[in-house]
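Each remark here refers to the structure printed beneath this line.
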Amino acid sequence: MLKIADRTFQSRLLLGTGKYPSFEVQKKAVEVSESEILTFAVRRMDIFEESQPNFLEQLDLNRYTLLPNTAGAKTAEEAVRIAKLAKASGLCDMIKVEVIGCDKSLLPDPVETLKASEQLLEEGFIVLPYTSDDVVLAKRLEQLGVHAIMPGASPIGSGKGIINPLNLQFIIEQSTVPVIVDAGIGSPKDAAYAMELGADGVLLNTAVSNANDPVKMAIAMKLAIEAGRLGYEAGRIAEKNYGVASSPLAGMITS
Amino acid sequence: MNIQLNGKEQQLPKEVVTVTDLLHFFELSNRIVIVEVNRDILQKEQYQTHLLKDSDRVELIHFVGGG
């Protein structure tokens, strides 16, 4: 069970809602993923265009917790504004703080992320900052009182998987709040690996929405996250350099 | 009156006086929408009483797919 602030969730998969090939595929993928937390972006309405169906408006909001992000923000001030707009919907009080500091790598700005998180905590938000895999930054954010840490596995949408498992492990080991690996997940093995490292959850979007078959991939991710978590809880064996026989050496049949 | 709506100049007919009128005019009354006027976020209870004025900068915001 995943616990963020005072909320509990059965699923450890948090799913993004961007870039699906169609509305129908998206609905189905969300459903089979069994995710309970869905992320959204906050944007101007396209009031001058023919109105498109809006995914969030089709959702049974009793079944899902909304996790709006502050994507697009480059400063703490912009992130706080977006977060407040999201909260004014009356639909959510959780926020994924995402302040991008580099347009090419889409890596987060640690200073602005810290500032935004601090202000949003003061405003009473449940704050989940998306961060780089910096252990000290994670500590500083925890000291502020954030409700979860969301370090990236690799750059957003890159699908490169976990490029620094050691750092993620350090963050997980020292964290007193849930650690959700966010961004960069490419395939089910990455998601399982994150969970085996001890992550409390995984947030992904592109890995499902841009897969050839997003619905099938949503199931795969769900299962990978469950398998990874079970593996972590079961406790893996230590690695050895040489072979250790699985069959008994005694009682060999000799001539 | 003329307002700045989602970054664009927009002329409004006389009957649009409040935020509720504005949402009605754009057929958004039943949509999930967040309203910001001159950088102040309005609460839903204010929609009916908040009077729009010339040159207001109005943002109509909603949730879209994102990660």
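Note that Cβ sites are derived from N, Cα and C of the backbone, with glycine treated the same way.
What TrEMBL says about this protein:
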ACT_SITE  A:K96  active site, schiff-base intermediate with DXP
BINDING   A:G157, A:A183, A:G184, A:N205, A:T206  1-deoxy-D-xylulose 5-phosphate binding site
DOMAIN    A:3-248  domain 'Thiazole synthase ThiG'
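Cβ contacts within 10 Å of A:G184 (1-deoxy-D-xylulose 5-phosphate binding site), excluding its own Cβ and spanning all protein chains shown: 25. In the three-state DSSP classification, A:A183 (1-deoxy-D-xylulose 5-phosphate binding site) falls within coil. The DSSP secondary structure for A:G157 (1-deoxy-D-xylulose 5-phosphate binding site) is coil. In the three-state DSSP reading, A:T206 (1-deoxy-D-xylulose 5-phosphate binding site) counts as helix. Of all the Cβ atoms in the protein chains shown, 24 others lie within 10 Å of the Cβ of A:N205 (1-deoxy-D-xylulose 5-phosphate binding site). When the Cα positions of A:G157, A:A183, A:G184, A:N205, A:T206 are compared pair by pair, the longest gap among these 1-deoxy-D-xylulose 5-phosphate-binding residues is 9 Å.
Across the structure, A:N205 (1-deoxy-D-xylulose 5-phosphate binding site) and A:K96 (active site, schiff-base intermediate with DXP) place their CA atoms 14 angstrom apart. Taking only the Cα positions, the spacing between A:K96 (active site, schiff-base intermediate with DXP) and A:A183 (1-deoxy-D-xylulose 5-phosphate binding site) is 12 angstrom. When the C-beta distance to chain B is held to under 8 angstroms, the recorded positions A:K96, A:N205, A:T206 reduce to A:N205, A:T206, listed in sequence order.
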